[in-house]
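Student: According to TrEMBL:
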type     : residues  : note
DOMAIN   : A:19-194  : domain 'Cytochrome b561 bacterial/Ni-hydrogenase'
TRANSMEM : A:26-46   : transmembrane segment
TRANSMEM : A:66-86   : transmembrane segment
TRANSMEM : A:125-145 : transmembrane segment
TRANSMEM : A:165-186 : transmembrane segment
Amino acid sequence: MAVEIERRPLIVERTEVHRYPASARVNHWITAFSFILLTLSGLALFHPSLFFLTDLFGGGANTRAFHPWIGVVLALSFSVLFVRFWKHNLWNRDDTQWTKQIGDVVAGHEEKLPELGKYNAGQKMVFWGTALLIVVLFASGLVIWDEYFHGLVSIGTNRLAALVHSLAAIAAILLIIVHIYAGIWVKGSVRGMTQGNVTGGWAWRHHRKWLRSEVKGDGDGH
Amino acid sequence: MASYQSLDIKRRSASTSTPPVVRSTALEVAKLIDVSKCIGCKACQAACLEWNNLKEEIGVNTGVYDNPHDLTPNSWTLMRFTEWDNPDTGDFEWLIRKDGCMHCADPGCLKACPAPGAIVQYTNGIVDFVSENCIGCAYCVKGCPFNIPRISQVDRKAYKCTLCSDRVAVGQGPACAKACPTAAIMFGTKDDMKEQADRRITDLKSRGFSNAGLYDPQGVGGTHVMYVLHHLDKPEIYAGLPKDPQISPLVSAWKGGAKLFALGAIAFAAVGAFFHHTIVGPNKVSETDEENAADLAEEGAQAAPTPETRAL
Ligand code: HEM
Ligand code: SF4
Ligand code: SF4
């Protein structure tokens, strides 16, 4: 039948679960905003066809000058985020199972997956991946930050750093695309980071173990 | 700097458009530096400062003749002095090389530069930095196999020898060539300079320098500044002149076709995400999920779940 009927009960109970305190939200959005700015200013220098992006920053020289400073903001902000979140991102058996069932994940068959804690394996991979890449980007970025650090290492190291920085940047951008799309696809996620809470149903569906521990009262709310 | 008619642009940094090719009859020029005739007087260095209106800071003497000690944003050419004991003859030789941009046929600086039109190569072979387009990133420094460009800490622009493109455009030779008292610096078409070099090399060979030859390294497609060396077999003894200069493979990898591949991967990820959503649809929380959560919360609060919601 081409028409589906959905009957809605008149009264539906609603629950809300606290997911992120304001400090974590602010921390996240500073990180996200600097990442976007870094992507735009970095890609402007990456390929001639994207040089027009320098107009967003007031020209090529300004883009060149701002980019590394935004990188410093990102590195500081992400460090705080890392200290906040790393414990929740440790790998466990459920994550291995989840990864094996990636087909069900992508198809949205969540009922077939194990119950999950605060984060799923995909989120954990994005977490550790970006952490590693930001370290690499920061280190290689300092080497090619000619304005302040020229001549500190050999020209060969400089060339290597430029290559590594651009490769790591592409990898990081790809990871962030996955991260952003996951937020768009899984409805009800964004409010966790904008308002601090999610609906109980969202938690039940995607992070049931976490919901159970929150209900018991031993979640720390972060 | 604008392009003069005799200085049509052949290549332009970070540009994908095709340069004009119809009027491509310009002869390639070259500067020939005959190291065997140089007396180290630095008249060329002075002429360069004067013509280009540059002032070098007063430096310190560290016991060598090199002055300043390295190329700088103000010193686009520099005499490098080397004292060398020739093991074959036992002779002491004073090697004096005029360092500066080689005006490569395949310039690493231009390949690396991310700013459109900050580096251009004219049809006559001169490689020129166009300061108004330069963003000061120092990628050219990484690209150059000869360690030539210098970034000014005052205006963060890259500087190097222009081969006096402004003089050449109006039919003059470079200021350094004009000033050289021994005619160790010559200027003309590249073909003429090669012929001239041949005559010098024959002469040097007849006087015992059996390895004399012309330094016109093919690893960078040849250069528009060439040296006559008495010891072409050992260019490194001339203050580290590279034996087989090439654009570093790291720079080629960094600036190569992989860039387009990377942009393609980013576009693919974004488009892929769009179509995933189109095919699978949003991952929505159902009312049942909400009910279950409410039940769980009520259980947690030690309250009995309400039968109506359970029935759903
Ligand atoms: C974490 C600290 C970072 C620092 C210190 C840093 C520093 C730099 C520097 C110094 C440059 C050379 C251009 C210039 O002079 O501004 C550069 C280029 C670039 N950066 Fe970063 N960066 C950082 C993070 C990032 C991030 C997170 C991204 C994006 C994901 C990124 C993407 C790029 C790209 C695409 C380029 C151009 C590379 C090329 O043309 O090959 N950077 N960065
Ligand atoms: S510093 Fe060098 S590479 Fe960078 S824009 Fe200027 S000329 Fe181009
Ligand atoms: S010597 Fe260096 S600066 Fe000069 S053209 Fe060659 S690569 Fe460019």
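For all residues, glycine too, the Cβ spot is worked out from N, Cα and C.
Nobody curates TrEMBL annotations by hand; they come from automatic prediction.
Note that the coordinates shown come from a computational prediction; the quantities given were computed from them, not determined experimentally.
Tell me about the surroundings of these features in the structure.
Tutor: Residues of the same chain lying 6 or more positions beyond the ends of the transmembrane segment (A:26-46) and with a Cβ under 8 Å from any Cβ of it are 20, 52-54, 56-57, 60, 63-64, 66-67, 70-71, 73-74, 77-78, 80-81, 84, 166, 169, 172-173, 176, 193.
Same-chain residues lying 6+ beyond the ends of the transmembrane segment (A:66-86) with a Cβ under 8 Å from its Cβ atoms: 24, 27-28, 30-31, 34-35, 37-38, 41-42, 45, 57, 127, 130-131, 134, 137-138, 141-142, 145, 147, 222.
Within the chain, the transmembrane segment (A:125-145) has long-range Cβ neighbours (under 8 A, six or more residues past its boundaries) at 68, 71, 74-75, 78, 82, 85-86, 89, 119, 152-153, 157-158, 161-162, 164-165, 168-169, 171-172, 175-176, 178-179, 182.
Using a Cβ-Cβ cut-off under 8 Å and counting only residues 6 or more beyond its ends in the same chain, the transmembrane segment (A:165-186) has close neighbours at 35, 39, 42-43, 46, 122-123, 126, 129-130, 133-134, 136-137, 140-141, 144, 193, 206.
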Student: How does the model score the domain 'Cytochrome b561 bacterial/Ni-hydrogenase' (A:19-194) in terms of mean pLDDT?
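Tutor: It averages 97.
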